[in-house]
Structure formats: C-alpha cells, structure tokens
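Working notes for the structure below.
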C-alpha cells in the first residue's frame with residue numbers, strides 16, 4: 001500500500017522544476033521559512049532558543065496570514081504548516097503546483113493519511129518489519145463508525161481480546177483526539193462513543209517510546225503510559241476508564257527508577273530501518289511514532305500511533321536538530337540542481 005505523498009530517501013527534498021541555480025543560503029543570507037501553525041503550536045515550537053539559533057544560522061521565520069492569498073506572501077524557501085481545514089489544504093496544494101521551488105513540509109495529501117486512525121497504522125502493518133534486532137507489529141484493531149450497541153457483537157466477530165483501548169477515529173490536533181478509554185469487560189463496550197478505533201491492549205511495563213523523526217534524524221524519549229493489566233484488573237473493573245493524553249511531556253520517564261529491561265530503548269538499527277521505510281511510504285519528513293515493547297518480549301515492539309509535526313519543543317536539543325534539517329533541505333536541493341545542470 002502506498003499513499004500519494006510517497007517519496008524515496010533519495011528524493012527526500014521537494015522536486016524542483018525550472019528553477020534558476022543559486023547557492024544555498026549562507027550565514028550572510030536569509031533562508032525564509034513561512035509557517036502556518038495554530039497559536040498553541042507557535043508557542044510550543046517557536047521557542048526563544050529556536051529563534052535565537054535560527055537567526056545565527058541565517059534562518060528567518062515568517063508568519064503566514066491565512067486571510068490573504070498565499071501567492072502574495074513571501075517569497076518563501078520552505079513552508080511549515082499544521083492546519084487541518086480542507087480550505088487550507090487546497091490553498092497549499094495549489095501553491096505547491098504554482099511554486100515547485102518552495103519546499104512544503106509536508107504535502108497535505110500525505111498528511112491526511114495520519115488524520116485517520118483507520119489508515120494511520122496500515123503502512124506499519126504492511127511493512128511487516130523484522131530483523132535481527134526485533135520485530136515491529138501493530139495491535140489488532142477494529143473501527144466502529146456508529147451504533148454503540150453493536151460494539152460487543154463486532155468485537156466478538158473480529159475475535160478481539162479484552163481489555164480494549166478506545167481512541168477517537170479522527171486526529172484533528174485537539175486534545176480530545178488524543179484521549180483514551182480502556183474497556184475491561186464486554187458489558188462496558190456500548191458505553192463508548194463512536195466513531196472510534198478499538199485496539200487490543202498490550203502489556204508493556206507502563207513505558208512508551210516516542211520516536212521523533214526530523215528528516216533522517218531520529219531521537220527517542222521515554223514516557224509513562226497506561227499500566228499493565230492483570231487478572232485482578234479484569235475481574236474487578238466493569239466500567240470505562242478514561243485517560244487524558246498519557247504520553248505528554250509531564251509524564252516524562254527519562255530519569256525515573258524503572259526496571260532496565262522495561263526502560264531500555266529500542267535498538268537503533270531497528271528504529272533507523274523503521275524510520276527510513278515510513279519516510280518513504282508515507283511521504284513525510286516530520287512525524288513521530290509511539291512505540292511500546294511487549295512486556296516479557298525483549299524483541300517485540302508495537303506501533304500504536306503516528307503523529308504529524310509532533311511537539312518537537314519537548315525533544316531535547318530540538319533547536320539544533322531542526323535548524324540543521326532546514327539548512328540541509330536547501331543544500332540538498334542545490335546539489336541536485338547542480339548535478340542536473
């Protein structure tokens with residue numbers, strides 16, 4: 001399975017047509033990055049430490065005014081965006097066609113693949129990744145569009161095993177789209193609120209790994225997650241337990257006293273292979289992968305979520321990683337133009 005935004009690693013920067021050759025920005029020149037982000041994303045991403053370092057490297061961030069035609073703004077070298085309206089997506093697609101010299105991070109048609117949890121994990125499942133460092137799976141899941149009363153029969157027919165994690169079907173950038181519910185028994189299933197995705201719960205020691213992807217760079221941080229479920233829990237809980245966003249930065253587990261077998265990060269070669277394949281299959285360069293390790297299975301990992309343009313401001317050293325990435329995009333574009341001339 002592939003999506004429209006598919007790119008190869010060799011084509012990681014935007015393809016450019018009929019663009020005059022010019023050298024990449026040096027420190028004395030300006031690389032202009034237009035951004036169309038929510039107020040919340042602006043606060044979390046455009047932190048003073050990022051802006052200060054960007055200025056030193058000749059990178060200038062410029063806010064895009066959504067009320068004005070995009071073609072009348074700029075000119076931009078790169079556009080960063082995380083707005084979900086269909087109107088904006090169409091504006092940006094039209095702009096990409098008219099200005100192929102501008103790198104858009106990332107193509108709206110590729111991002112849409114991650115806005116729906118029914119399709120979000122399909123590329124991971126299709127990948128069927130397994131090597132000497134471990135295997136990467138996805139939890140068995142079921143999509144429920146409506147009629148909560150039908151959920152028990154649908155779960156039985158699909159052969160899913162309780163407990164089940166319920167997640168909103170649509171990921172729209174709101175905190176609500178990241179809220180989780182845990183259903184322990186069949187009788188509680190009609191209490192859920194479709195449309196949603198039901199995933200089989202996998203015990204993972206209460207630790208989740210957030211794998212940040214910025215181009216070809218990978219960084220991993222630990223977060224506390226939902227605790228393991230045991231036989232006692234299954235026999236003594238009969239309702240729906242709702243959780244806020246469990247993997248946020250306030251649940252940082254980097255320095256926590258955790259069993260080393262649980263806290264050990266996934267092997268770097270496995271993450272590099274996964275990141276490379278997903279960049280190619282998804283056609284994205286800015287995303288993060290939420291992974292868990294099955295408790296008691298050192299080499300089996302599950303991808304449970306993929307998010308576009310995540311909270312990079314929570315990633316240690318993100319300002320250095322991101323500014324280097326922006327400069328590398330322009331350098332790669334310039335080198336390709338030279339080789340084609």
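Each residue, glycine too, has its Cβ placed from N, Cα and C.
Quick look at what TrEMBL annotates:
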- 32-111: domain 'Inositol-tetrakisphosphate 1-kinase N-terminal' (DOMAIN)
- 41, 82, 178, 210, 307, 311: 1D-myo-inositol 1,3,4-trisphosphate binding site (BINDING)
- 117, 167, 199-210, 225: ATP binding site (BINDING)
- 132-327: domain 'Inositol 1,3,4-trisphosphate 5/6-kinase ATP-grasp' (DOMAIN)
- 290, 305: Mg(2+) 1 binding site (BINDING)
- 305, 307: Mg(2+) 2 binding site (BINDING)
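Distribution of TrEMBL features across the structure.
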residue : record                                           : CB count, 10 Å
82      : 1D-myo-inositol 1,3,4-trisphosphate binding site : 21
117     : ATP binding site                                 : 22
199     : ATP binding site                                 : 22
201     : ATP binding site                                 : 20
209     : ATP binding site                                 : 24
210     : 1D-myo-inositol 1,3,4-trisphosphate binding site : 22
225     : ATP binding site                                 : 21
290     : Mg(2+) 1 binding site                            : 19
305     : Mg(2+) 1 binding site                            : 20
307     : 1D-myo-inositol 1,3,4-trisphosphate binding site : 19
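Cα of residue 205 (ATP binding site) to Cα of residue 290 (Mg(2+) 1 binding site): a distance of 15 Å. Closest in space to residue 209 (ATP binding site), of the binding-site residues given as 82, 178, 305, 311, is 305, taking the CA atom of each residue. In this structure, the CA atom of residue 201 (ATP binding site) is 30 Å away from the CA atom of residue 41 (1D-myo-inositol 1,3,4-trisphosphate binding site). Recorded residues residue 210 (1D-myo-inositol 1,3,4-trisphosphate binding site) and residue 290 (Mg(2+) 1 binding site) have their alpha carbons 5 Å apart, per Cα-Cα distance. Same-chain residues at least 6 positions away in sequence with a Cβ under 8 Å from that of residue 203 (ATP binding site) are, in sequence order, 228, 229, 294, 295, 296. The Cβ of residue 207 (ATP binding site) has 20 other Cβ atoms within 10 Å, all protein chains considered. In this structure the C-alpha atoms belonging to residue 307 (1D-myo-inositol 1,3,4-trisphosphate binding site) and residue 117 (ATP binding site) are separated by 10 Å. Rounded to a whole value, the Cα-Cα separation of residue 199 (ATP binding site) and residue 305 (Mg(2+) 1 binding site) is 11 Å.
Counting residues per DSSP class in helix, strand and coil order gives 36 helix, 17 strand, 27 coil for the domain 'Inositol-tetrakisphosphate 1-kinase N-terminal' (32-111).
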